[in-house]
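**Q** Okay, so TrEMBL annotates it like this:
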- H96, H98, E102, H141: Ni(2+) binding site (BINDING)
- H96, H98, E102, H141: Fe(2+) binding site (BINDING)
Amino acid sequence: MGLEVRRPPMEAWYMDDSAEDQRKPHHRDPPEYVSLDKLAELGILHWVLDADSYENDPELQKIRKERGYNYEDFIEVCPEKLPNYETKIKIFFEEHIHTDEEIRYCLDGSGYFDVRDPEDRWIRIWVQKGDMIVLPAGCYHRFTLDENNYLKVDMANCP
């Protein structure tokens with residue numbers, strides 16, 4: 001059994017329409033939170049894992065086996081570690097869609113995945129160290145760092 005990670009669950013909320021810095025939370029006034037159940041209805045899966053022992057975490061190994069994730073790649077998104085940082089962070093924040101699911105496991109830092117709901121509203125999902133998130137194929141989304149300006153992520157893939 002994997003180590004139980006104790007921290008608040010992943011948070012998600014409907015975004016405001018502000019053109020302010022994309023790294024800000026962009027809560028509506030008053031904030032409108034989105035439940036994990038609502039995210040699940042949209043096909044978004046989530047686990048909280050022990051990022052400090054990801055190499056030997058039996059829970060992660062179980063998820064990889066059950067879901068057929070057989071490849072991983074790591075990226076550190078921050079000005080000091082990512083070549084062409086400014087260009088890439090703009091590309092990540094452009095709305096896009098994939099024909100396969102997108103699997104991201106946050107090993108350190110934090111950032112936001114924004115997804116569109118069926119009513120065309122943006123939902124901001126705040127991922128932090130230990131969050132593993134799966135966006136379904138066909139889900140319009142984008143990514144940006146939060147104000148901490150750092151994220152290390154495992155980008156798993158399926159066959």
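Cβ from N, Cα, C; glycine included.
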**Q** Taking the centroid of the Cβ atoms of H96, H98, E102, H141 (Ni(2+) site), which other same-chain residues have Cβ within 8 Å of it?
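**A** These residues sit around the Ni(2+) site: I97, L135, C139, Y140, R142.
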**Q** For the binding-site residues H96, H98, H141, which one has its C-beta crowded by the most other C-beta atoms within 10 angstroms?
**A** H141
**Q** How many other Cβ atoms are found within 10 Å of the Cβ atom of E102 (Ni(2+) binding site), counting all protein chains shown?
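**A** There are 19 of them.
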